[in-house]
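Data first, discussion second: the structure below is written as C-alpha cells.
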C-alpha cells in the first residue's frame, strides 16, 4: 500500500521520455522545484539513465521506475531488489501473478511501491483480440487489478477510462497511476485511451503521468505549472 498524497505536486509524474541522461538532466533543470516526481522508462534506462534514479532521489525528488518487469520469478525478484537499491520510489511489474508474487517478496519491508501494469493504454479491444486474449479491456483490467491487490501490490497502472471502476473495486488506499494524460485540447499521440488531468483525478487516480505535453513544450516549466493549475482547479487536490 501507499499513502495517497493530496497536493497536485505530489500527484504529477513527469515522464522523462528522452534518449540520453544529458537530455533528462536538462529537462529536470528546466522544471526546477515545480515538479517532484519523474518517470524513467525503457528509452532513458537503456540510454544510460539509471544513475539518475539515485541522483534525483538525493536531490529530494521521487522516481517512478517504469520497467514493466516480466520474467521467471527468480529474475523478477532480483530485478526488483536491484531497482530498490537504486532508490526507486515506484516500480512497475506486468500484472502476471507469478511476477507480482516474486516482486512482492523482494520488496517486503521496503518503502518502494510496486505497481501492476494491467493493460497498456496503447491497446484497445482489437489489439487484445489480435494478441489472442479472450477478455476485453475492461474485464482484463478488472481481473489483473484484483489479482494485484490480493497478491499485495501497492497499486496498479490503469487508463483513466477504467480508473473509476478500479477505485470502487480496490478501495481508497491503493495507488492508481494513470498514463495517457493530455491537457485539454492537446493531441492524443500514440495513446488510444487518453484523458485530461481533471478527468483523471475525478475518476480516482492517485498519480498522473504526463510526458510529451511537458517535455516537448517550448517552456516545460510553464507547461507543468499549467497542468498543476488544471489539477488544482478540479477541486480534487488539496
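Our numbering is plain: 1 for the first residue shown, then up by one each step along the chain.
Including glycine, each Cβ sits where the backbone N, Cα and C put it.
Copied from TrEMBL, the annotated features are:
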{"type": "DOMAIN", "residues": "11-227", "note": "domain 'Orotidine 5'-phosphate decarboxylase'"}
{"type": "BINDING", "residues": "17, 39, 66-75, 121, 182, 191, 211-212", "note": "substrate binding site"}
{"type": "ACT_SITE", "residues": "66", "note": "active site, for OMPdecase activity"}
{"type": "ACT_SITE", "residues": "68", "note": "active site, proton donor"}
{"type": "ACT_SITE", "residues": "68", "note": "active site, for OMPdecase activity"}
{"type": "ACT_SITE", "residues": "71", "note": "active site, for OMPdecase activity"}
Secondary structure of residue 211 (substrate binding site) (DSSP, helix/strand/coil):
coil
Measuring Cα to Cα, how many Å separate residue 71 (active site, for OMPdecase activity) from residue 121 (substrate binding site)?
21
Which of 17, 66, 71 (the recorded positions) has the most other Cβ atoms within 10 Å?
66
DSSP-derived structure type at residue 68 (active site, proton donor), helix or strand or else coil:
strand
Mind giving me a neighbour count for residue 70 (substrate binding site)? Other Cβ atoms within 10 Å of its Cβ, every protein chain shown.
17
Give the residue from the recorded positions 67, 68, 73, 121, 211 that has the most other Cβ atoms within 10 Å of its Cβ, counting over every protein chain displayed.
121
